[in-house]
Amino acid sequence: MSMRELVVLGTASQTPTRYRNHNGYLLRWDDEVLLFDPGEGSQRQMLHTGISATDLTRICVTHFHGDHCLGLPGMIQRLSLDRVPHPVAVHFPAAGAEYFARLRHASSFYETAELRVEPIDADGQRITLGLGTLEARRLRHPIETYGYRLVEPDGFRALPEKLSAYGITGPAVGELLRVGHLDVDGRRVTRDEVSVTRPGQRFAFVMDTALCDGVYALAELADLLVIESTFLESEAALAAEVGHLTAAQAARVATESGVRTLLLTHFSQRYADPRRFADEAREHFAGELVVAEDLMTVPVPPRRVASAG
Ligand SMILES: [Zn+2]
């Protein structure tokens, strides 16, 4: 059984608090481990998660405000210190390439790890991965910011009783599912006759933005949406002014986009009681709701129900 889950390293915006580390998120998705927006302290937070630098395959940075990237120097040096044997891809807004170059070489170290630096320079840019497509969408924030989503294509799940009825076994099963049809004893068997659709899963990561089209594009039908809710509605005007979302806005996006599990995070330190985020979001979203805490693990919900043919 493959494992797909989010591990939260930190949940504070702007400055860490006694209870919240700076931002940072790990997405374990089968053989890939993606690190999103490592703020300060991410390396140490990782020690508590059972995931090591050697597990990392990809780093995605939404923008170069400190709470989303000041953990990069430590994480990048750690990859070399641990002699990570595989290349690690790094994505970030191309407009921030100078910041990335500085963070990458913030201090002296012996670089052995191979970073594949692949900046994002277009809204809707797609990167094809073995597990699906990573897509970046431009968000609305004072500096160039991209959110990300991971989209697994729909697949097919063979029905054993149908296969045996046609006498199809072994490698022929894979061929039938891949090609769409197979000739058996002079009769053409189609994929629809022996399988059901296996819906692909979607993960979306939306940080630091005012409400905009990109937010909806990313959230669409996400099984798990990680989204900033820096503020509450009482600060809605301030949120819009500085390019952030409120818990109510995030929850409405989730409802309108068919999201299944909604995870709120990136909280302003002005709010002492995190239940206020849950209370506000609950008025607008009826699905699975999580107000993130540091070091929690949140599973990607099981696949949507398969449909015939
Ligand atoms: Zn920011």
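Count begins at 1; order follows the chain as displayed.
Cβ atoms are placed via backbone N, Cα and C, with glycine included.
Per TrEMBL, the Zn(2+) 2 site holds Asp67, His68, His266; the candidate it also names there, chosen from Asp185, Asp192, Asp208, is Asp208. Residues His63, His65, Asp208 are given by TrEMBL as Zn(2+) 1 binders; from His22, His141, that same site also lists His141. Taking the centroid of the Cβ atoms of Asp67, His68, Asp208, His266 as the Zn(2+) 2 site, the other same-chain residues with Cβ within 8 Å of it are Ser13, Gln14, Asn23, Asp37, Gly39, Thr62, His63, His65, Met207, Glu228.
Compute the center of the Cβ atoms of His63, His65, His141, Asp208, which mark the site for Zn(2+) 1; besides them, the chain residues with Cβ within 8 Å of that center are Thr62, Phe64, His68, Leu139, Pro142, Ile143, Thr145, Met207, Thr209, Gly243.
Close contacts with ligand 1, defined as a Cβ under 6 Å from any of its atoms, occur at His65, Asp208 among the recorded positions His65, Asp67, Asp208, His266. According to DSSP, His141 (Zn(2+) 1 binding site) is assigned to coil rather than to any helix or strand.
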